[in-house]
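Enquirer: Residues annotated as domain 'Orn/DAP/Arg decarboxylase 2 C-terminal' in TrEMBL: 30-368. Residues or ranges marked as domain 'Orn/DAP/Arg decarboxylase 2 N-terminal' in TrEMBL: 36-279. Among the features that TrEMBL reports, N6-(pyridoxal phosphate)lysine is placed at Lys60. TrEMBL lists Gly239, Glu273, Pro274, Gly275, Arg276, Tyr370 with the feature pyridoxal 5'-phosphate binding site. Look at TrEMBL and you will find Arg276, Arg312, Tyr316, Glu343, Tyr370 tagged as substrate binding site. Summarising the annotation, TrEMBL assigns active site, proton donor to Cys342.
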Amino acid sequence: MNTLHRIDGRLHLEGVALDTLAERYGTPLYVYSRQALESAYQAYSDAFAATPHLICYAVKANSSLAILNVFARLGAGFDIVSGGELARVLAAGGDPGKVVFSGVGKTADEMHAALEAGILCFNVESVSELHRLNRVASELGKVAPVSFRVNPDVDPKTHPYISTGLKENKFGVPIADAPALYRLAASLPHLQVTGIDCHIGSQLTDLSPLADAADRVLALVDALAAEGIALHHIDLGGGVGIRYHDETPPDLAAYGRTLAARFAGRREKLLLEPGRSLVGNAGLLLTRVEYLKPGEDKNFAIVDAAMNDLMRPALYEAYHEIVAIDERPTPAKRYDIVGPICETGDFLGFARYLAIEEGDLLALLSAGAYGMSMASNYNSRPRAAEVLINRNEIYLIRERETKDSLMAGERLAD
Ligand SMILES: Cc1ncc(COP(=O)(O)O)c(C=O)c1O
Ligand SMILES: N[C@@H](CCCC[NH3+])C(=O)O
């Protein structure tokens, strides 16, 4: 569904003209389409309809309460990586019984909170974590449901910073060690082995690494079953990429068919942990051009959004399409789109052809994932506001931070 479209040259998201949002709420402003969120979720439900499954939305991609609430209402589960994310899921009305807890550094307090909440499963990433979880569960008189996150040593063919399933990455346990670890887990009194998990990386544009990882995990599940260790679910993580520029993202229906063929006749439920592919293309970042700075070699457009609002370009040299909200008839010029932060790395896009003037509005597209959730206050910049659109309805889902909120919790020393 194309929720982003022009009417008389003015860019709209669903039924709302984006310039009216900038007037009302200021910029930089994150804007999301509820219909785009719902149709992305529906695409997963349709693609995996043949396999009993649960979609556990990866909260880190966009952890705003209203976004979590949209997915909770659709029946989603959640993949969390911290006690903070657990608190958000609960505050947003998520079902703790559909929560899986990933991450290499779970603290005892976080385990405690997740056990009290009654989550579906802990995705354990090391033997030390296994012992800690057994101890925390015993202190609470509970039994913790566990999966191991196995590292299948598959190259996801994505940016090295977002590859997670290679031997040299910090994530998971080596797949070869898993049988011994499952035996150990099965012997610990406060643990119940329920599943297996794997997540090999993010922004994958090729299905074959996902299929290879699934095959390695399924072979392990069968070997465990032969030993009498039967699992209830198989979690194949997230990672499906989206189109930012000219990528061809994996076809979800094809991914669904690939897994349906592998799961036919199996008794374990499939879990998936998609993040980016549910929210990435449902959001944009609205920003205003503060200054145009023509130069000998290049022209700069200095905008009011910066790397603190959207750090993906600075961190991964990631590409986000940048479009003008109002089309001007004047010829386009080439600009580097940069923010006001005192870092050379504070760029949002290089060599973009735009017909713009000072004061114009721009949209950075595909900013729904890892945008607001990675925003910071660097250079003491209050974080942006967020708006959710539903047809013609407009909801301010997060207020813009103020100077006071910037300094909240700080105090002077004696
Ligand atoms: C454990 C885990 N699950 C799921 C995800 C979501 O990944 P993606 O946004 O690529 O779908 C991530 C992030 O890469 C992750 O670390
Ligand atoms: N933050 C990354 C994705 C990392 C996924 C987390 N495991 C991005 O913006 O693309």
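Just so you know, glycine gets a Cβ as well, placed from its N, Cα and C.
Heads up, TrEMBL stuff is auto-annotated, nobody curated it.
Since we're looking at a predicted model, the values are computed, not measured.
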Enquirer: Would you kindly give the Cα-Cα distance separating Arg312 (substrate binding site) and Cys342 (active site, proton donor), rounded to the nearest Å?
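Expert: With the alpha carbons as reference points, the distance is 17 Å.
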Enquirer: About how far apart, in whole Å, are the alpha carbons (Cα) of Tyr316 (substrate binding site) and Tyr370 (pyridoxal 5'-phosphate binding site)?
Expert: 12
Enquirer: I want the residues beyond Gly239, Glu273, Pro274, Gly275, Arg276, Tyr370 whose C-beta is within 8 angstroms of the mean position of the pyridoxal 5'-phosphate site's C-beta atoms, in chain order.
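Expert: Leaving out the recorded residues gives Ala58, Lys60, Ala61, Ser202, Gly238, Val240, Ser277, Leu278, Ala369.
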Enquirer: Cβ atoms within 10 Å, counted per site: which of Gly239, Pro274 has the most, among these binding-site residues?
Expert: Gly239
Enquirer: Greatest CA-CA distance (Å) over the residues Gly239, Glu273, Pro274, Gly275, Arg276, Tyr370 that the record ties to pyridoxal 5'-phosphate?
Expert: 15
Enquirer: Can you give me the average pLDDT across the domain 'Orn/DAP/Arg decarboxylase 2 C-terminal' (30-368), rounded to a whole number?
Expert: 96
Enquirer: Out of Lys60, Arg312, Glu343, point to the one nearest Pro274 (pyridoxal 5'-phosphate binding site) in space (Cα versus Cα); all of them are recorded positions in the record.
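Expert: Its closest listed neighbour, by Cα, is Lys60.
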Enquirer: If the criterion is a C-beta within less than 6 angstroms of any ligand 2 atom, which of the binding-site residues Arg312, Glu343, Tyr370 pass it? List them in sequence order.
Expert: Arg312, Tyr370
Enquirer: When neighbour density is defined as the number of other C-beta atoms within 10 angstroms of a residue's C-beta, which of the binding-site residues Glu273, Glu343 has the lowest density?
Expert: Glu343
Enquirer: Check the recorded positions Tyr316, Cys342, Glu343, Tyr370 for any whose Cβ is under 6 angstroms from an atom of ligand 1, and report them in sequence order.
Expert: none
Enquirer: Between the recorded positions Lys60, Arg312, Glu343, which lies closest to Glu273 (pyridoxal 5'-phosphate binding site), Cα to Cα?
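Expert: Comparing Cα positions, the closest of these recorded positions turns out to be Lys60.
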Enquirer: How many other Cβ atoms sit within 10 Å of the Cβ of the residue listed as 'N6-(pyridoxal phosphate)lysine'?
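Expert: That number is 22.
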Enquirer: Restricting the comparison to the recorded positions Lys60, Arg312, Glu343, which residue's C-alpha is spatially nearest the C-alpha of Gly275 (pyridoxal 5'-phosphate binding site)?
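Expert: Closest recorded candidate to Gly275 (pyridoxal 5'-phosphate binding site) by Cα: Lys60.
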Enquirer: Which one, from the binding-site residues Tyr316, Tyr370, has the smallest tally of other C-beta atoms lying within 10 Å of its C-beta?
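Expert: Relative to the other binding-site residues in Tyr316, Tyr370, Tyr316 has the fewest Cβ atoms within 10 Å.
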Enquirer: On a C-alpha basis, identify the one among Lys60, Gly239, Arg276, Tyr370 that is nearest to Arg312 (substrate binding site); the candidates are the recorded positions.
Expert: Tyr370
